[in-house]
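Asker: I have a structure I would like to understand better, so I am pasting it below and will then ask my questions one at a time.
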Amino acid sequence: MQNSNFSSMEKVNFRTRILTNHLNQETPSPHFSLQTTPCLSYNPPELSEPSSIFDKKQMRQLMDGHNLTEKDWLFGLMLQSNLFNPMKSGGKVFVQPDYNQSKEQQREITMRRIGYLLEHGVFKKWLTGNGPVDELRKLALLECLAIFDHSLAIKTGVHFFLWGGAIQFFGTKRHHDKWLKATEEYVVKGCFAMTELGHGSNVRGIETVTTYDSSTGEFVITTPCESAQKYWIGGAANHATHTVVFSQLIIEGKNQGVHAFICQIRDENGDICPNIRIADCGHKIGLNGVDNGRIWFDNVRVPRENLLNSVADVSPDGKYLTAIKDPDQRFAAFLAPLTSGRVTIAVSAIYSAKVGLATAIRYSLTRRAFSVTPNGPEILLLDYPSHQRRLLPLLAKTYAMSFAVNYLKKIYVNRTPEMNKVIHVVSSAFKAIASWHNMRTLQECREACGGQGLKTENRVGPLKGEFDVQSTFEGDNNVLMQQVSKALFGEYVAAKRSKKPIKGLGLEHMNASRPIVPSQLTSHTMRQAQFQNDIFCLRERDLLERFAAEVALCQAQGKSKEYAFTLNYQLAEDLGRAYSDRAVLHTFLEAEASVTSASLKNVLDLVRSMYTLVTLEEDAAFLRYGYLSTDNAAMVRKEVANLCGELRPHALSLVSSFGLPDAFLGPIAFNWVEANAWSSEQN
Amino acid sequence: MRTTMAQTSSNNGGINQVLVEGTGNVRTFILNRSKQLNALSFQMGRGRAFCAGGDLSLVFSHQSNWKIGANYFQKQYTLNYVMATYSKPQVSILNGIVMGGGAGVSIHGRFRVATEKSVFAMPETALGLFPDVGASYYLSRLPGFFGEYAGLTGSRLDGAEMLACGLATHFVSSDKLPPLEQALVKVNTSDPDAISAIISHFSHIPKLKDESPYHKMKIINRCFSRRTIEEIISTLESEALDTKGDWISSTIQSLKKSSPISLKISLRSIREGRLQDVGNCLVHEYRMVCHVLRAEFSKDLFEGCRAILVDKDKNPKWEPSRLELISDDDVDRYFSKIDDENWEDLKLPPRSNLPPYAIAKL
């Protein structure tokens, strides 16, 4: 007894001595403190987070969809070459472009990277292949290139999808034989001269003029005025040897509309050909690895065979020949194949959002700020409900749009001529919403990383500049969304006129009776797929009816249909959104139906509910047109907050299922303490 | 074989399979099954080998019960993981044969000292197995596609080549080993910089032999970067047409002699490993080895052991016999969970506060 008292007394004395030492300690030398008493240590989220309730490999398979081994092979190919700028940080290797290089250096290294990929067989069958299998492989590999660097993907995409695609789709056998293999092997480097200074989305208005000289059997291509100069032509400023020129074709004084011609612009030494003038588009806010240029044609002569003649031809004696008499239809047939660009944009936008989210969410699982109790430990960023609300809905939307773009790829590679309209509408809608979603996500992620988001090496910040262009190229997003609404209008009016049920574009729900939204929403109801589908369908059908009624009213007042569309832009915008959101939800439900694992299904249920409810919360149309009462809107908002808490434990597993190798994220996603340590600075 | 680290000792019939000496902060381990070239056993060197790998004869004798073999590999891979993530620096003195499992107990450590007697190889594809013990992690991190080359062909590398490609961190001639060991024991520290300085004091950079494959990096990169084994072989064959020398033909020969399924799963394993951390590499390798032991698709491991280790006729009859007979789906299956209620994935011991160098060392 005595003994034990004594010993506990001794313990107290001992502790007091230690504490006094602590308090009286002189400021330690910086060397000492950095070596032995780190203030904060990095805890890998893999160790601190609950282990995944679902199989991440299975989830990745569902999300990536196809060609996973090919993708991993290409990631590895990039990792193992110094051309991809590997750098060591915090004990890990990262690959990413060096944005500190001048635009000229970035263009050269991009071309050299393409050379490396070519040499290793990455582009095999990109143009000489055939069918959905080869096409999916091509899309999968392009996705990986975009994850490394958007410039690399765009430079490759222009060559294969635009130049190569134009030859494939607008050309005939003689063009295929001559150009496709040569393009696949980069014997020629192609570009795509459609946009002009004065005309972008409105391709039919371009001003370049081509005439035919029957005495020599040549076409003569001319840039008649400054606004007709070709603009933003990727590849034109430095590397391309050939281009497809889009031009008005004038035959015997009659304008036959826009046609495409092959024209050489550089010789084998890389010197610009006679009668061609080329200038640079200059430094850009992103994509500086792509050499965008401007081209002027000064009566450039090309052989008659260079007309890409799948739709129309000119005979040697100068007669215009075509199977499609209606110039509108001819033009539509012409542009339909360009869908591939919108498909690849939509897909790569979602991968870019994944890079942002994987980075910001991993960081938020390791970075702490402020305590909620005096002297309590600081709180992990993602344990703040507000931080969850910023990132987790975007994560859910990214999941939803992943399924949407997978669906888009699927219908694209299995396309038939009858599906052209559907593919046009779906690709326009998904391209617009995916690229907008990416920009918004990147901005949120950049802010969620705080100052670290500013650092180029952490990737999120630069991606904003790199991917911004997606909202306007291959069709301005706003214009595309208007086209979606117009197409829906067309289907609706046609069905009304023929008194047949609506078929196609997923509008079949309009044939059934109007869905009824419960006047008092409960948590249980809101999480049901049935309710989620009903309210999205209700919004779409109501907006389509309103839009059709407004347009009809304008027409009754004597205004043209086109003018009526223009005046009703607000409804058109809301309708485009409504269609897109509903279409995305349908692809989500379809993907979920293919899942057999219960644990995967459970987490996907949560993600889908989050996607739907946050859309209800954010889109003012639900309140504006009364699909949600104010009481119900309040319930929805509350449920979003609940879902944030429920998704929080899955956050790490959900971003780990993205299939992004560590090396393609930035150091901030991993051990950022070590990456920024003084000792790392010394090596 | 010597490795300097923490303390265990095992005993087998009165003979210590691992000898442990210790003073102060330093522990010296000597693998002591020299007759078996220090093959790793449950119990566990000394002699002409550092460690010639896992003792597959154990596995061979338990063919009928794959779980005994699986249990052995589970322990081995766990040990590899502990070594790879160990916070104290391990110095492995690789003065002899370093193969398979022997690489697993050394290459993951912080310092690997090669000598003129070192012989490194991952010869598993010739045995119907695949480079395991975390090889999918360290081979995939060698320069370019040298890891695919070393892992698929089982090519033997000497000390100079080990240093050049990064498998070794230092090269010390064997006559300087006793003073090096003395110096390490004397300094009595776990500070990696101090240890590195000591080893550097005894080390030099040896000259690569003229015929070293390391001089063939261009060809290796061009061929071994291909997506599939078939493409690797056909690229090598077309390369052979315009390159003199027998290196390419012997490379092709060694690929053609190896088990086709081993080649395919090994390539996939290295490719997956390139994108994974060391823990996940060992987890996927454990799945693979369980599939190999269960022998549902192929019995090549047992055929390889029979032909090389037991009957020694060196003439294994692989089944499937040709690469074309193996689809991507067949390969996929080796990376899936085992369909058996009592089976579970490799459970790695929790390691708090992983030092960054424990995550990527090469």
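Any Cβ shown, glycine's included, is placed from N, Cα and C.
Caution: TrEMBL annotation is automatic and unverified by curators.
So TrEMBL says this about it:
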{"type": "BINDING", "residues": "A:T195, A:G234", "note": "FAD binding site"}
{"type": "DOMAIN", "residues": "A:338-488", "note": "domain 'Acyl-CoA oxidase C-alpha1'"}
{"type": "ACT_SITE", "residues": "A:E474", "note": "active site, proton acceptor"}
{"type": "DOMAIN", "residues": "A:536-666", "note": "domain 'Acyl-CoA oxidase C-terminal'"}
Asker: Please work out the mean pLDDT for the residues of the domain 'Acyl-CoA oxidase C-alpha1' (A:338-488).
Answerer: 96
Asker: Could you list the residues of the same chain, at least six apart in sequence, whose Cβ is under 8 A from the Cβ of A:T195 (FAD binding site)?
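Answerer: Residues satisfying the criterion: A:K230, A:Y231, A:W232, A:I233.
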Asker: Write out the long-range same-chain contacts of A:G234 (FAD binding site), meaning residues 6 or more apart in sequence whose Cβ is under 8 Å from its Cβ.
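Answerer: Looking at Cβ-Cβ distances below 8 Å from A:G234 (FAD binding site), excluding near sequence neighbours, one finds A:I154, A:K155, A:V158, A:L162, A:C191, A:F192, A:V290, A:D291, A:N292.
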Asker: So what sits near the residue listed as 'active site, proton acceptor' in its own chain, CB-to-CB under 8 Å and at least six residues off in sequence?
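Answerer: Set apart from the residue listed as 'active site, proton acceptor' by at least 6 residues yet with Cβ under 8 Å, we have A:L338, A:G341, A:R342, A:I345, A:K431.
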Asker: By DSSP assignment, list the helix, strand and coil residue numbers for the domain 'Acyl-CoA oxidase C-terminal' (A:536-666), in that order.
Answerer: 108 helix, 0 strand, 23 coil
